[in-house]
Ligand SMILES: C[C@@](CO)(OP(=O)(O)O)[C@H](O)COP(=O)(O)OP(=O)(O)OC[C@H]1O[C@@H](n2ccc(N)nc2=O)[C@H](O)[C@@H]1O
Ligand SMILES: Nc1ncnc2c1ncn2[C@@H]1O[C@H](COP(=O)(O)OP(=O)(O)O)[C@@H](O)[C@H]1O
């Protein structure tokens, strides 16, 4: 583990991309059934953990606009602490530091990934020995995208994103990710009457063979014209797609140099970054690397 002499354990929380996102139906509780392909990228929030002498949880710095108890890091830690207390009777608290790199509400899953890294790391530090299945179940209660980050493998996902089949065979290209400066409200997209909800269900072989679309893209582009504009611009260079419910869009490239060359040609007002697609979560690479 990435330990340092001061007792802090440093573990990344990577972003994900939805390489496609199909909406195949709607459940009785209003939630939508999806089929999607998740891949991680090596762009990460940076978390650090240290056990305390008392039983408190702290988080520094706080995330702007997110109350301490609402932060997915604290919600994940509390959920695990509760189980740990039942198992062990008492548990030390933890200091947690967060360097927020990933844009919030961008469809990159940063909050979900922070939650998953917290579950994985505190499970190890508190020696709870919960399985990935148990941690993924706890994570699912925090958000539909948490389980894929807990399991740490690129995956074909069904249900609301919790039924996962690993896809280690995916290519690992370089991505140029453009970050339109708008915050997309996921609920607003899923409740829009123009959203299509009847994409045919495909099997994993088909999913891996053909390039799917993002069914949210048309609605997001209409409600948030900045996203449509960024898609049009990036499409001039390479096929561009929305991730999740946006606002971020991405294109894939065979090399880092190619992706940087395109990013250098974007007008200065566009925020973007280049990252590598990876089929194993960088958090798993740190926490579970052979010693
Ligand atoms: C669609 C994805 C794909 O990765 O989008 P991103 O969040 O990454 O953009 C996620 O699964 C998003 O999952 P999650 O993060 O749990 O969604 P939330 O923000 O909690 O959803 C807000 C609201 O959207 C609706 N919602 C969400 C997910 C879903 N499968 N069906 C829905 O109808 C619900 O009304 C929910 O209350
Ligand atoms: N640690 C966290 N990091 C980011 N967002 C968080 C966090 N904790 C709670 N949130 C809330 O979750 C929302 C969705 O965050 P995020 O996962 O970054 O976006 P998305 O679901 O679009 O990929 C944020 O707008 C914020 O209100």
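Just so it is clear, glycine is given a Cβ too, placed from its N, Cα and C backbone atoms.
TrEMBL does not curate its annotations; it predicts them automatically.
Listed features, source TrEMBL:
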type	residues	note
ACT_SITE	16	active site
ACT_SITE	145	active site
BINDING	103, 104, 105, 106, 107, 108, 109, 110, 111, 112, 113	ATP binding site
DOMAIN	71-152	domain 'GHMP kinase N-terminal'
DOMAIN	204-270	domain 'GHMP kinase C-terminal'
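Each of 15, 102, 244 belongs to the same chain as 103, 104, 105, 106, 107, 108, 109, 110, 111, 112, 113, is absent from that list, and has a C-beta within 8 angstroms of the C-beta centroid marking the ATP site. Put simply, residue 145 (active site) is 7 Å from residue 109 (ATP binding site) when counted between their Cα atoms. Secondary structure of the domain 'GHMP kinase C-terminal' (204-270) per DSSP (helix as H, G, I; strand as E, B; remaining residues coil): 34 helix, 8 strand, 25 coil. With respect to ligand 1, the recorded positions 16, 109, 111 contribute 109 as residues with a C-beta closer than 6 angstroms to one of its atoms, given in sequence order. Secondary structure by DSSP for the domain 'GHMP kinase N-terminal' (71-152): 48 helix, 6 strand, 28 coil. Under 6 Å, Cβ to nearest atom of ligand 2: this is the test, and of the recorded positions 16, 103, 105, 111, 113 it is passed by 105, 111. Cα of residue 107 (ATP binding site) to Cα of residue 16 (active site): a span of 8 Å. On the backbone, the CA of residue 111 (ATP binding site) and the CA of residue 145 (active site) stand 9 Å apart.
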